[in-house]
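Visitor: Take a look at this one; I'll ask things after.
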Amino acid sequence: MMFKNFPFFKGKKDTSFDHLVEEVKKGYIPEHIAIIMDGNGRWAKRRAMPRIAGHHEGMQVVKKITKFASKLNVKVLTLYAFSTENWKRPKKEVDYLMKLPEEFLGTFLPELIEENVQVRVIGQKDRLPTHTRRAMEKAMEDTKENTGLILNFALNYGSRDEIVSAVQHMMKDNEEGKIRSEEVSEEMLSSYLMTSSLPDPELLIRTSGELRISNFMLWQIAYSEFWFTDVYWPDFKEEHLLNAITDFQHRGRRFGGV
């Protein structure tokens, strides 16, 4: 079942936010949270601003949510930053989006290192501009020994493409005698995905009021809890993430059982 902005904190105005955080941390925190960051363009349009202004503001929210997820002891935070379909957007917007990782990491990387955050990237990196790849590679290299939160960017990522690529690699290994067809299993296919070293997301969040998955981690979210909110990504705050996690904690996850 899916909820929007379920008001678990209604009536608790006299309670400090820090106290609420500590209360939530006493419950089970999802190991892996994935977020479809949506609504940057519409946020800007409502303010008569260019779409790129929304993307810039959205990156500031990434900083806040990353720090807060780390504080909550979330182990993996995957952010859908740019899909394989996003190349269809206006060139000016795409060019700006390709510059954002360099701008973002140029200022935020020292804090990520200090916070013990490890940066990873999934997606088709070969199509990314050189300056974008270099920024991501530097961040991954500089944080590879960090043992805290894994900040995983899905950049030029499409789930169908990921699954097709995994099957192609499995077929190649089968032809070379590395695996036998009777050995193929869900676990084996998972091991060929870009997320093979990560747990599957337990909680998937999408902002902006859209109720779809948009070709994001289709295999990995088979048993994820979905949480949708009408809030645009630039307006997404720590309180919203805490609300989503509290909602998650109140759900019964039966995985097909009783």
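Placed from the backbone N, Cα and C atoms, the Cβ positions cover glycine too.
Features from Swiss-Prot:
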type	residues	note
BINDING	D38, E225	Mg(2+) binding site
ACT_SITE	D38	active site
BINDING	39-43, R51, H55, 83-85, W87, R89, R206, 212-214	substrate binding site
ACT_SITE	N86	active site, proton acceptor
Visitor: Quick one: give me the count of other CB atoms within 10 A of the CB of E225 (Mg(2+) binding site).
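Guide: I count 20 other Cβ atoms within 10 Å of it.
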Visitor: Quick one: give me the count of other CB atoms within 10 A of the CB of W87 (substrate binding site).
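Guide: If we count other Cβ atoms within 10 Å of W87 (substrate binding site), we arrive at 12.
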Visitor: Can you tell me the CA-to-CA distance separating G39 (substrate binding site) and E225 (Mg(2+) binding site), as a whole number of Å?
Guide: 21
Visitor: When the Cα of R206 (substrate binding site) is compared with the Cα of each of the recorded positions D38, N86, E225, which one is closest?
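Guide: Nearest by Cα distance to R206 (substrate binding site): D38.
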Visitor: So, in DSSP terms, is E225 (Mg(2+) binding site) helix, strand, or coil?
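Guide: DSSP assigns E225 (Mg(2+) binding site) to strand.
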Visitor: How many Å lie between the Cα of the residue listed as 'active site, proton acceptor' and the Cα of W43 (substrate binding site)?
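Guide: With distance taken Cα to Cα, W43 (substrate binding site) is 18 Å from the residue listed as 'active site, proton acceptor'.
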Visitor: What is the separation, in Å, between the Cα atoms of D38 (Mg(2+) binding site) and T84 (substrate binding site)?
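Guide: For D38 (Mg(2+) binding site) versus T84 (substrate binding site), the Cα atoms are 15 Å apart.
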Visitor: Would you mind checking how many other C-beta atoms are within 10 angstroms of the C-beta on R206 (substrate binding site)?
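Guide: Within a 10 Å radius of the Cβ of R206 (substrate binding site) lie 24 other Cβ atoms.
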Visitor: Hey, how far is W87 (substrate binding site) from E225 (Mg(2+) binding site), Cα to Cα, in Å?
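Guide: Given the Cα positions, W87 (substrate binding site) is 29 Å from E225 (Mg(2+) binding site).
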